[in-house]
Amino acid sequence: MTVPPPLVVITGPTATGKTEVGINVALACGGEIVSADSMMVYRGMDIGTAKPSASEMRGVPHHLIDVVDPDEEFNVARYQQLAGEAIVGILGRKRVPLLVGGTGLYIRSVVEDYRFPVRADRRLRNRLQEAAELYGCARLHRHLAVVDPVTARRLHPNDQRRIIRALEVYYQSGIPFSRYPDRRDRAPKYLPVMFGLNMERGRLYRRIEDRVDAMIRAGLVREVQSLLEKGYGPELVAMKGLGYKEIAAHLRGSLTLEEAIHILKRNTRRFAKRQLTWFRRDEQIRWLDVEECGGPVGAAREIVGSIEQE
């Protein structure tokens, strides 16, 4: 039996330093990074997504960054395909693939080799979106609870995009989304070596607030204004990302800048908490406290040491 190739995964909640740690690990072990961030795939959305600059990448090849325009559809199935192709290329160059980011579903789709049940049906999706607008997303969530209670319990009643996707799967296949992916009787594609970065909650929240302030100073308002002027409206999935929806609301006059910043910090803290809840369920992840490791360089050193022992 062929031993699957190793895949190093570095994940954790936002603002824990995953990007910097990943770059340091890649430099130490001859690796290339495959981004696992659902917002970094969009071109022109740089400040609000905390994309690393060319100088910050320090010569480390990065994949799955700047893949599509903000008005193009991009989903986990497409991510899985492109990430898989990138990993094959990295392995072919005899280098180490590192999956780095905080989008749990993207990571799981690669590590667990998801089999996606059905392709998106544009007409069905439009009908479900119209129903959500007419009756409210909570009503769709209640319906999902009838046909797929497992998925309904996992999703927030206002998570319209994922609720609609789960209903799409059910209506098209007759099978609840919670029964996918089915990877039984299949050999694993990779041997995942997974690390989670974290830190004391108060420290993490202060880092989140400092990062939001830094984004504002770096020109986040100008970035969002430019996107809106190019015709990328607030209804787009990309424009509903953290930082973009709050600043867009400010630019429409719904919020003052101070209010938008306050809400963005609050929403990011809540997002980090949800990320941590998601990742804590994965027993494969080895957790590292970045502060206890002495910062990103120390955390990278710990990871490299663990990889060498595998």
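Yeah, the Cβs are placed from backbone N, Cα and C, and that goes for glycine too.
What Swiss-Prot says about this protein:
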type: BINDING; residues: Gly12, Pro13, Thr14, Ala15, Thr16, Gly17, Lys18, Thr19; note: ATP binding site
type: BINDING; residues: Thr14, Ala15, Thr16, Gly17, Lys18, Thr19; note: substrate binding site
type: REGION; residues: 37-40; note: region 'Interaction with substrate tRNA'
type: SITE; residues: Thr103; note: site 'Interaction with substrate tRNA'
type: SITE; residues: Arg125; note: site 'Interaction with substrate tRNA'
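Taking the Cα atom of each, Thr103 (site 'Interaction with substrate tRNA') and Gly12 (ATP binding site) are about 9 angstrom apart. Across the region 'Interaction with substrate tRNA' (37-40), the prediction's mean pLDDT works out to 98. Those residues of the chain, other than Gly12, Pro13, Thr14, Ala15, Thr16, Gly17, Lys18, Thr19, with a C-beta within 8 angstroms of the mean position of the ATP site C-beta atoms are Gly102, Leu197.
Across the region 'Interaction with substrate tRNA' (37-40), the DSSP tally of helix, strand and coil residues reads 0 helix, 0 strand, 4 coil. In the three-state DSSP classification, Arg125 (site 'Interaction with substrate tRNA') falls within a helix. A distance of 34 Å separates the Cα atom of Thr19 (ATP binding site) from that of Arg125 (site 'Interaction with substrate tRNA'). DSSP gives Thr16 (ATP binding site) a coil state; it is part of no helix or strand. Other Cβ atoms within 10 Å of the Cβ of Thr14 (ATP binding site), summed over all protein chains shown, number 20. Annotation: Gly12 carries the greatest number of neighbouring Cβ atoms among the binding-site residues Gly12, Gly17 [cut-off 10 Å, Cβ to Cβ]. For the recorded substrate site, residues Thr14, Ala15, Thr16, Gly17, Lys18, Thr19 set the reference point as the centre of their Cβ atoms, and the other residues of that chain within 8 Å of it by Cβ are Gly12, Pro13, Glu20, Val21, Ala50, Gly102, Leu197. Residue pair Pro13 (ATP binding site) / Arg125 (site 'Interaction with substrate tRNA') shows a Cα separation of 30 Å.
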